[in-house]
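Notes for the one structure printed next.
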Amino acid sequence: MHNPDRPFEVEVVERVEETPTIYTLHLRFTDPGIERSYRCQPGQFNMLYLYGVGEIPISIVSDPDSRGPVEHTIRSVGRVTRGMEMLRVGDRIGLRGPYGRGWPLQEAEGRDVVFVTGGLGCAPLVSLIRYVVERRERFGRIVILQGVKHSDDLIWRRQYERWQRLPDVQVLLASDVGGPNWPYSVGRVTVLFSQAAIDPDRSIVMLCGPEVMMKSSIERLLAIGVPPEVIWLSIERNMQCGIGHCGHCQLGPYFVCHDGPVFHYPALRPWLGVTGF
Amino acid sequence: MTTSPLFLPRDTLDAFLLALRDSGFERILGPMARDGAITMREIDTAADLPTGVGDRQHPGHYRLTETGHGRCFAWANGPQALKPLTFAPRETLWRCERDDDGRLAFRDAGLRHTPTAVIGVRACDLAALRIQERHFLGEPDPDPHYAARRDSLLLVAVHCSHPADTCFCASTGDGPKAESGFDIALSELDEGFVATAGTDRGQQILERLGLAPATMAQGEQADAEIEAAVRCQTRSLPGQNLKDALYARLEHPHWDDVGRRCLSCGNCTAVCPTCFCHAEQDEPVLDGGSSDHLRQWDSCFTAVHSYMGHFLVREETRLRYRQWLTHKLASWHEQYGRSGCVGCGRCIAWCPVGIDITAEVSALLGSGDAQS
Ligand SMILES: Cc1cc2nc3c(=O)[nH]c(=O)nc-3n(C[C@H](O)[C@H](O)[C@H](O)COP(=O)(O)OP(=O)(O)OC[C@H]3O[C@@H](n4cnc5c(N)ncnc54)[C@H](O)[C@@H]3O)c2cc1C
Ligand code: SF4
Ligand code: SF4
Ligand code: FES
């Protein structure tokens, strides 16, 4: 029986400093057979292992059709993520995955795609935005609503500005705290809904970020007539195993690691925002 | 399969143990009275069994007693029986070796375990074993560590004739009779045991002993003792599927009440035969060139269980107790098609403040609110 808990060795082939505390690692399996057979979907995650320190769940940001290295954008917050910040090209870590259910790419085809993100939980959604932008002809209009706490928190700002210039793409940004270099809105992401051009009959909506933000955004969406069935959201919970064994990621009846992290809103509706689940 | 009942006289117990060893089960675990509790330990002969030992259990209370008779299975389950044998409290999943150039090699931990026969397994623990098998061995990622431990075991059940005051397996449908999941099952009578086999290998072991069929009277006596064990259980849950009833009461004020009494110590999850939560951690090996990746039992009553860096999903004890109870009795149905409680009563006896799952459920549901 294969040991599903055991990682594979990967090598850091590139490291990008996004901000002083956020970095992107490009990882390649040292076993060419695994490198060839590895497949993933936007919204899925890997368990990354730092030698002697521990394992953590991190979303995959690379394009599923690129045969290149697996990319992860990581924010330093604690033991493992700070240790990984020290990694340099040529260093080795462990990786196992991909795990979980990603975004509903098929359901999105032919529809307007609305992205709502808040706080810093943006990595899983940014990979999806890139995926859609790269395959522009398969989708309708694109509406991106991004909220951040502080104007400095917006990583990939130039990328948002580039997206904004594309035809049929609306990018709306808001920051709780503005600043001299912040030409966009000030306030929560929900302040953006009045400016957003969302056609409730043609759209599919993908949300990612703090649960209170997602909950209030969903209320706005439902109020303008978006049906619950077209709403999808990505959830985070403590994860130790990633394969449905350790029990840490439970949310009501679900194991977020394999029933999620991307959930269909109707399935999550009874649990979203209930403190303690 | 269950074979027709044979009679195993009490003075052939040692021959039975020998037959187990001769069949390749080098290690035999059986109940022993040690440190004030019945626990599963390695036994050499039938003399190690707790003859004349009984127990008294109440909420927050467990004591051994003397029965004054010669039976050795006249007790209800102690704090642990099967779970630590299949789901180890702490074990290495893999080891990572790092060479001088920083290259990493991941090696599986050894999966060989001594073939072990366990005598005196109760029906509730067999039911819990089936649940944990579904959890750890189900697709898509069956766990080889659990599988190796499970495969090393031969299980000899003893139908329960002496439930404790805390037991309620009759109401969950998991006991006191062991219906399946055993290799051999015994009913203890004064003069010996009525034995049936549940598997081919169990049958082969019984055949080695050349036993006579049990008499009709012995069979009836065994059935009557199980019937009596059902009748003497006073606790119960108000139904085998409480999912809707509990989901409808997620904001019930009683969660505050029990949250004030609960110490959040995690004893209930440690003794519960179905709880599967564990944490993973890494531990450098003393050779300096490798690190072990371990898993060890964890509990939804700890703070770190729901740690998310900037916040805890379940900061308050009230929320942890609600997670525990609603996982056990509600969401378990969606995850595993049945309740996660097998009525063993351990969480009641081993709770330091005597919190009683059956009483908490009654308080939440109110009287006359039973579900099917
Ligand atoms: C499905 C999923 C996808 C994620 N994707 C990303 C990503 O793309 N980029 C990124 O920077 N972060 C991501 N996270 C969060 C990331 O896993 C945590 O920041 C990380 O576990 C913190 O580990 P640490 O040891 O540095 O922090 P510590 O605070 O030292 O945490 C100790 C342990 O607690 C657990 N833990 C702490 N915070 C979290 C958390 N937020 N989520 C889950 N477990 C946690 C982990 O087991 C961790 O090892 C994701 C989380 C999940 C569940
Ligand atoms: S919840 Fe309590 S009574 Fe039920 S199986 Fe677990 S320990 Fe036994
Ligand atoms: S979440 Fe709690 S009740 Fe459920 S298995 Fe884990 S420890 Fe047991
Ligand atoms: S992360 Fe272990 S069960 Fe989901």
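Any Cβ shown, glycine's included, is placed from N, Cα and C.
According to TrEMBL, the protein has these features:
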DOMAIN    A:5-105  domain 'FAD-binding FR-type'
BINDING   A:CYS241, A:CYS246, A:CYS249, A:CYS257  [2Fe-2S] cluster binding site
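Overlay of TrEMBL annotations on the structure.
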| residue | record | contacts (Cβ under 8 Å, 6+ apart) |
| --- | --- | --- |
| A:CYS241 | [2Fe-2S] cluster binding site | A:ASP5, A:HIS248, A:CYS257 |
| A:CYS246 | [2Fe-2S] cluster binding site | A:MET239, A:GLN240 |
| A:CYS249 | [2Fe-2S] cluster binding site | A:ARG237, A:ASN238, A:MET239, A:PHE255, A:VAL256, A:CYS257 |
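Residues of the domain 'FAD-binding FR-type' (A:5-105) grouped by DSSP class, helix first, strand second and coil last, total 14 helix, 47 strand, 40 coil. Proximity to chain B (Cβ-Cβ distance under 8 Å) holds for the following binding-site residues out of A:CYS246, A:CYS249, A:CYS257: A:CYS246. Summary of the [2Fe-2S] cluster site environment: with the site residues A:CYS241, A:CYS246, A:CYS249, A:CYS257 set aside, the chain residues having Cβ atoms within 8 Å of the Cβ mean position are A:MET239, A:GLN240, A:GLY242, A:ILE243, A:GLY244, A:HIS245, A:GLY247, A:HIS248, A:PHE255, A:VAL256. Mean predicted confidence for the domain 'FAD-binding FR-type' (A:5-105): the pLDDT average there is 95. Under the three-state DSSP scheme, A:CYS249 ([2Fe-2S] cluster binding site) falls in the coil class.
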